[in-house]
């Protein structure tokens, strides 16, 4: 295709620029209307400027992709109602041994769930949990938020339903769910392993910080919950001795475990005891200094003070006042007698009458089980090669019927603005394609980006990464996908299927390069910034410092194992 006439090139390009600016900078001062309205405005420009006719614009909207996107969102809503993500969070924190352990668990769990329930959904549901966990355990949120962003993008590359660009590729290429999974899964596993290792290396020191909180405790004997020593001014330090039956994630006693040996300290002192009656303003009176960093947080004014502790400390535990009060009301132990807060005591007779009837409890369990079984049935149907869109829509309708109540409140949680955004984007990209600019660009690059040799594959991946961070990954797939596949089918030793899968891998991992490279990144950034529990600003530069290195290494490492 040659370039269109000058008028079409200028107007089609202008409409695409409007789309790109509003999608990348939704609060752009010259046009602060947001992503969805910006996409809709660009689509209208394509039609009123006669780059596309109204019929051509309607025909460019891909209904199978919209149906697949709608179905996966509805299924995710009902899985959330069935507490699936709450159970995943419990699995994530069960017997967690500290920051490094949590980071590894988070990376692999998020990668797995993103492949099945889309990366955007996982980012929405895990961001607040991570911030709460970091606040309670005194951990730095930056490495965990980066792990959530990058792992969700890498993990979502493995399946057609993992992210929007994969939905586009699966529908346009007609690659089956099973073939897609087999083709990209090895790269995903390699990528998530390398990404986790990089996070551990880059943030090792931050993850090695032990945090002790100063809290107000009215009781004296807390040994029935956890053996602790009060060393003055409300400072609580743990003395677990030989006990190994503790669970650091139990809600009744909120504890945060950090072992000095995990900080790289080779302890010569085998004692688990902490010196009693020590002055907390002199850490050396508790432990001999050796370089392990400990932060003492004063809850009253959030003042943070760095101290230097060392070997001999086996475990340090946070016991917050809130968790102790929960313990008072939750259990009938000697807490009621040791901690003077009678308002939390409850009558066993009152608890009997307030207890939920057994039949309601069993009905709730049966419904949750039904949701999980139906979802597994959907995955089995997708693996069997049935139509992607109608499988997910049928699953969504089945879950609505099983719920047996008005579905309006639950369907209102579906992001209809995202469906409008996609519809408008299809029209805008189709108008930009009619200018002839994308094909002209591809004709110049294609001789150097042939996938029958490794260097050409790397060049293709580099082009996709660059365009994905300039024009976003979904428009990049829409613009380049058909041309890349057609060119690959004509090359001896190349495969059209492999070309589509390379495009899926590169465009998805490209989202890790910059903060605006993926919608999942922006979701984590906005949720963290607006969090009421622990607000945190994940800036563009903080993300870029890690994302640039990670994207380059992981993309190149995953390319050789992609099979068509």
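Each Cβ is built from the backbone N, Cα and C atoms, and glycine gets one as well.
Just so you know, TrEMBL annotations are computer predictions that nobody has curated.
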What range among 334-353, 414-433 does TrEMBL describe as transmembrane segment? 414-433
Look up transmembrane segment in TrEMBL and report which of 59-81, 151-173 it refers to. 59-81
When TrEMBL is consulted, the range among 300-324, 500-524 described as transmembrane segment turns out to be 500-524
With pairs 6 or more apart in sequence, are the transmembrane segment (544-562) and the transmembrane segment (59-81) linked by at least 3 Cβ pairs under 8 Å? no
Could you check if the transmembrane segment (454-480) is in contact with the transmembrane segment (6-25), meaning 3+ Cβ pairs under 8 Å among residue pairs at least 6 apart in sequence? yes
The recorded stretch from 59-81, 414-433, 500-524 sharing the largest number of CB pairs under 8 A with the transmembrane segment (6-25) is 414-433
Could you name the stretch, out of 59-81, 180-204, 369-402, 500-524, with the greatest number of CB pairs under 8 A to the transmembrane segment (414-433)? 59-81
Recorded stretch that, among 59-81, 369-402, 500-524, has the most CB pairs under 8 Å to the transmembrane segment (180-204): 500-524
